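Asks: The following block contains the structure, expressed as structure tokens.
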Amino acid sequence: MSIKSGFVALAGKPNVGKSTFINVVMGRKVVIVSDKPQTTRNRINCIYTDRDSQIIFVDTPGIHKPLHRLGEYMVKAAVQALKGVDLILFMLDAADGFTKTDEHVAKIVSESGTKTIIAVNKIDVAGEEKAKAVGQLAKSMVENVVSVHYISALKGEGVFEVLEKIKEELPEGPQYYPEDMVTDRPLSFMAAEIIREKIFHLTRQEVPHSTAVVIEEIKDRPNGVLYIRANIYVERDSQKGILIGKNGSMIKKIGTLAREELEFLVGRKVYLDLNVKVKENWREKDFIILQEIGLKDDIK
């Protein structure tokens, strides 16, 4: 039996709701979500399968003006993800209006020559009139637009209409992945992302953006517990102090929340060993950490 299948890249500036959209479609959390911009750093393939389709959503970092080498890698990974896909889902934030960054993303999307669906998110916040103005501006700047939709990813409104349109536009093809597979990323990547999400939720200002999580070891213990050891890198001693907290209170909270989610993910007990280390200016200079968190691999 033939199915509709293919790759769909999500494009947009930071914090427009790309990861929330994917999690709603998947019916579970596959990618981390935060109200802070630039939460997603890597290109992540999320695999949606039903009885007549398989859609590989390529969730990308938001396209923005980079301030350091980490930012450069993130933007290059996002732009590269638009090449060779079957369809682009270009997402915008209705509440923000149509910004200069949106204009920049629209140009990149248009130059790709790929069929594009536009989804204007946060219509529940901005209202229909403002959302439609954003959608029409975006449509006027992008070649090959097949449809424009107005959605609230957070509330799930309009999301499945977009999903049906994606299925309609995809070609008939093979099932690329087993039907029970939801991402092509390994456990080490998922563990690092879960830890990083808790840091984003619990810390403020520059601390979460200055943080890298590197999984050093994952092993099964004889008692059935999964042991995970992770290093959390920051750029300054003051950031290390914030992450550890008074009498270790913050790192304990991060560890507890991450461990609980990891146990749900793997279906058994987890021992999570977190260590905070300082690597000055790692986002600009430390190629080893950039390699470890996967960004250099994403743009080869």
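Cβ atoms here come from the backbone N, Cα and C positions, even for glycine.
Feature list, courtesy of Swiss-Prot:
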type: DOMAIN; residues: 4-172; note: domain 'Era-type G'
type: BINDING; residues: 12-19, 59-63, 121-124; note: GTP binding site
type: REGION; residues: 12-19; note: region 'G1'
type: REGION; residues: 38-42; note: region 'G2'
type: REGION; residues: 59-62; note: region 'G3'
type: DOMAIN; residues: 195-280; note: domain 'KH type-2'
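Could you tell me the structural context for the features on the list?
Replies: Applying an 8 A CB threshold to same-chain residues 6+ apart, the list for Ile123 (GTP binding site) reads Ala94, Ala131, Tyr150, Ile151, Ser152, Glu157, Gly158.
Confidence annotation: the region 'G2' (38-42) carries a mean pLDDT of 47 in the model.
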Asks: For a three-state summary based on DSSP, what are the helix, strand and coil counts in the domain 'KH type-2' (195-280)?
Replies: 40 helix, 27 strand, 19 coil
Asks: Using all protein chains shown, find which of the binding-site residues Asn15, Thr60 scores highest when you count other CB atoms within 10 A of its CB.
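Replies: Of the binding-site residues Asn15, Thr60, the most buried by Cβ count within 10 Å is Thr60.
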Asks: How do the residues of the region 'G1' (12-19) split into helix, strand and coil according to DSSP?
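Replies: DSSP classes over the region 'G1' (12-19) add up to 2 helix, 0 strand, 6 coil.
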Asks: For a quick check of packing: other C-beta atoms within 10 Å of the C-beta of Lys18 (GTP binding site), how many?
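Replies: Here the count is 28.
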